[in-house]
Amino acid sequence: MASSSSRSYKDKDAGVVLSFNGQWVSWSHTVAASLAFLSALVIGSALHYHKIVQNEWYGYPQEWFPSVSATIGDRYPERSIFMLFIAITSGPRFALVGLWYLLTAKPGRTLPKLIGWSGIIRTLTCGGWTYITSTDDHDWHDILMISYIVFTIPWTTGCIALSPPNAKAIKYRKYIAGAFFGTLVPLVYFFIQHKVHRVAGAYTIYAFFEWALIVLDVSFDAVTALDFDSLEITIRDVKGASKGVNHSSVPTAVLEKEKEQATGGVYSAGFRFGEFLDIAADVYHGFVFWSILTSLGVVIWYFPLWHMGISGYEALVMTTISPFLLAIRPLRSFIVSNQRITHLLSLAGLLAYLVKDPVYRLFTVGFGVSMGCLSWAATWYSDSVQPTRLEARILAWTIGLLMSSVAKFAWYTNNPIWPIMHAENGGWNATGLFLAILAALRFTRRGPHQGGNTTEKKSGSSVLSAIGIGGLFFGLHSLLSDTSTMILWVWDGYPIRGPVSNVHGWYTIAATTVGILIGVLRPGFATSWTAYGLGCIGAAYLTLYEQWRGYYGGLTLAAYLMAIAVPMIGNAAKKSPAATFGLGFLIYNFLVLFHVWVVAYAFVPGGPLVREHTDWIMITMMLALGIGLFDLISQQAKNNSSSKKKVGVIRPVNTHHRKYHFGVLGVLNLLFLSANFLRFPTNDYKPYHAKDRLFTAGIWTIHFSLDNDMWSSEYRMRDLIKEMEVDVIGLLESDLQRVIMGNRDTTQFLAEDLGMYVDYGPGPNKHTWGAALLSKFPIVNSTHHLLPSPVGELAPAIHATLDVYGTLVDVFVFHSGQEEDPEDRRLQSEYLSKLMGSTNRPSVLLSYLVTEPLKGNYNTYVSDVSGMHDVDKTDWDRWCEYILFKGLRRTGYARVSRSTITDTELQVAKFVVPNSEEDSKFAWGVPEDVRDRRVEEHEVPEGWRFPRMFRGEGVRGHRYHVFDEPRYYNF
């Protein structure tokens, strides 16, 4: 029976002034919306066909069908007519949302209100991106468009969940919604083909899918006509649909089950804000743990980096083994009973950004990591007697890792609450800390389920379980703490033949999401040897192959790691926490150090034994996971044997919490996609001095993007590169994709902010310190080289061909071996000299050579074999950085001091690309005395000059040094 509150808005007086059936609201909305888009398409095609099919790469006939945005864009009169009909559509649209709420609202139900508000916000954002075009305000147009897409998801799924018992309407909604979301896949694919790969005709295919989305979007709302025919606008319910009366031939229970399956059961139970807040706080607390843990390696790395070897501070990596303290029973009892204290103490890792001294900042982070590992081990242990709560805690921890990856993507691979971040370089430390305190208080508001003196169950082996935990933690941290890590493992240069970090990063998020769902919903499969075998195959493919094949293997491994996390941690939590998590973190530490040793072998004891053996690391990790899985399966078998029925590791009775966790997963995926949309490459980059056919090339050793004071230095590097108007730059010591370096990628931020193409260089599995290339000019082709290094560290090189004002120019970026390995450097000089001599195109070398000018290996690099010339052979004060060239007019050369950004200066040179065959012949054959003739600044054109702001004292610690001014040449 309906309550009085229900009757107050549903039982109306019988008098009717104006009456019409509710379905006319749906039809009027459908007709007005259809006319808006159809009229714009017809009029635009008739009046401006060639203009609206034209895009930045191609026009008619390669592209022959206009996109939605081009059709409704800036041209008169189609834009005005479109806006007129959209304005007419708004009335029926708001009425449709209102009627849907009245039809589905029930006393005590929150979901109809939420869906109603999402419908209103969706309508407003539609008006926003419709009336604010990208020409008017590109940022707001994109923000409103993304918001519209985001709110379409709860509107669509919510309407299915709230559908009245009408079998036909439910069927249509399911089909249309499935088609809508399915269309997004080819839509994105063909957009990438157009935007990134510049495939002719791809934008036309994309346009068809874009128009299909419009048709499906309007059609989905048109289905309300099947439900609104029970309403008469007085408003009076003539069939009782709003009271849940079923007039169809299909039983109500069947329809409810069908709706639950279509929405994954997310809306099946009531929504409680308090429970939602609990889950949100838990996930954020998990995010804080991962933020602090992943920051530890970065702040440790600062010290061996500046000591050029082992510093002693590396010992703080062992702060993670604090769960060993839980072996002391009185201490374990205290910690388990007072978890709020240790969880709050762990937030010291977030406070560390306030500590200016690097040593004390490191110790502060180490303390926070120690408390975090101790606290989570105690929490899992204390909650192990309650499967539902344990599952919720583990989900919060794993989803917290995913949230960390989302945040890092939005901040260009830096975490905004790391202690190397602050307001000056994009940090949100204070906000993050405030939310972390609230989350920790909420996370610990309920007492433990068991005390610290409970005797552990003697089922299974704690040691075997700990080995599995160590492999799991290392796999999650080393491969999944940043979405670009596995992508850079398989990167092999231009033309692009595989995934790209700022385009395909969501695939990693999707794989981890699928893995979490499998681990929770299909634990039997997640803990099977079949799943383990698939994970091993994925690990092998990631290790052995490049491009898409390797990345598909990585995605398989990512899904497996997330799937096995819930049952494996749940199994470990039921045993001694000191043994499983203390020893587990110790094994994790061993793998982390192993992970560093394979590339830092020249600086560490025993390094040559594991030189370049990432394959050994992967094998060790998978064997560790297999050992842990063996213990888990053995324990399951014993349980099954004793109970005579199948018993899982975690068998929660109440799964109500899952819908909130799954909802958070959905929100995080949407946030990532929103950031992905904003970061999508434009590929329309412009050089600074195109009219002069001039480009400025630079070389900079960036010291792994940590400045002298332990702050992330991307912003400061960006400012100097931009102010020096550098068009092409080689970056050395740029590979940060390791646990000890935070799994970062500086090149993403620099390339996107400066508007440049980027080649990351040899990936992290190639065991170098990194060499990267950024260019304002399209990179036509690039290959990666590992030069001979029989003794010392590997020497990476990039050989790239750029399209510079229509002329192909080769650029080499190279980092030589150490001073201590003369034979390595001799072999490398011969290899690179032959490589540079193999091209007859104009060329530039941006390098770190470790030699004195005019002596030794210098004469191999600058030789008849290479054909290269020194940018200024009279500059005697060089040892590391050199710029060489051939076939170009070198017009300027400068050395700019580093300030406190790194330990090496920025060297830059200006070159003019020959404009004719005659100019080219002159550039190749000019006599040495003419080529090296220096002139004063006033003797060269304005566009050839270096910025004056770095003369004298310069700015921010940057100035022209050594010569105290640039040098100019004119021949």
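Glycine residues also receive a Cβ, built from the backbone N, Cα and C atoms like all the rest.
Bear in mind that TrEMBL entries carry predicted annotations, made automatically and left uncurated.
Taken straight from TrEMBL:
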DOMAIN    22-230  domain 'CWH43-like N-terminal'
DOMAIN    459-636  domain 'PGAP2IP second transmembrane'
DOMAIN    693-943  domain 'PGAP2IP C-terminal nuclease-like'
TRANSMEM  81-102  transmembrane segment
TRANSMEM  144-163  transmembrane segment
TRANSMEM  204-226  transmembrane segment
TRANSMEM  283-304  transmembrane segment
TRANSMEM  362-382  transmembrane segment
TRANSMEM  394-414  transmembrane segment
TRANSMEM  426-443  transmembrane segment
TRANSMEM  503-521  transmembrane segment
TRANSMEM  528-545  transmembrane segment
TRANSMEM  551-569  transmembrane segment
TRANSMEM  581-604  transmembrane segment
TRANSMEM  660-678  transmembrane segment
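Between the transmembrane segment (362-382) and the transmembrane segment (528-545), the number of CB pairs under 8 angstroms, six or more residues apart, is fewer than three, so the stretches are not in contact. Recorded stretches compared: 144-163, 204-226, 283-304, 503-521, 660-678; the one with the most Cβ pairs under 8 Å to the transmembrane segment (426-443) is 283-304. Within the chain carrying the transmembrane segment (204-226), a Cβ under 8 angstroms from the stretch's Cβ atoms is held by residues 23, 25-27, 29-30, 33-34, 37, 53, 62-70, 93, 96, 99-100, 152, 156, 159, 166, 168-169, 172-173, 176-177, 179-180, 183-184, 186-187, 190-191, 193-194, all 6 or more beyond its ends. Contact between the transmembrane segment (503-521) and the transmembrane segment (581-604) is not supported: fewer than 3 Cβ pairs lie under 8 Å, counting only residues 6 or more apart in sequence.
Counted over residue pairs separated by six or more positions, the transmembrane segment (660-678) shares fewer than 3 Cβ pairs under 8 angstroms with the transmembrane segment (528-545), which leaves the two as not touching. Within the chain, the transmembrane segment (581-604) has long-range Cβ neighbours (under 8 A, six or more residues past its boundaries) at 297, 304, 308-310, 317-318, 320-327, 373, 376-377, 380-381, 462-463, 465-471, 473-474, 477-478, 572, 610-614, 616-617, 620-621, 624, 738-740, 767-769, 791-794, 818, 821. Long-range contacts of the transmembrane segment (283-304) within the same chain: residues 310-314, 316-317, 319-320, 343, 346-347, 349-350, 352, 358, 361-362, 365-366, 368-369, 372-373, 376, 396-401, 403-404, 407, 415, 417-420, 432, 435-436, 439-440, 443, 477, 481, 592, 603, 661, 664, 704, 706, 710, 738-744, each at least 6 residues beyond the stretch ends and with a Cβ under 8 Å from a Cβ of the stretch. Tertiary proximity for the transmembrane segment (528-545) is limited to same-chain residues at least six positions away from its ends with a CB under 8 Å from its CB atoms, namely 486, 489-490, 518, 551-561, 563-564, 614-615, 618, 621-622, 625-626, 629, 633, 765.
Using a Cβ-Cβ cut-off under 8 Å and counting only residues 6 or more beyond its ends in the same chain, the transmembrane segment (551-569) has close neighbours at 380, 391, 394-395, 397-398, 465, 468-469, 472, 475-476, 479-480, 486-487, 489-490, 498-499, 504, 507-508, 511-516, 518-520, 522-523, 525-527, 531-532, 534-535, 537-543, 545, 625, 628-629, 632, 648-650. Note on the transmembrane segment (394-414): residues 279, 282-291, 294, 376, 380, 420-421, 425-426, 443, 476, 480-484, 505, 508-509, 512-513, 516, 520, 562, 565-566, 569-570, 657-658, 661, 664-665, 668, 671-672, 675-676, 679, 712, 714, 736, 742-746, 748-749, 752 of its chain, located 6 or more positions outside it, place their CB under 8 angstroms from a CB of the stretch.
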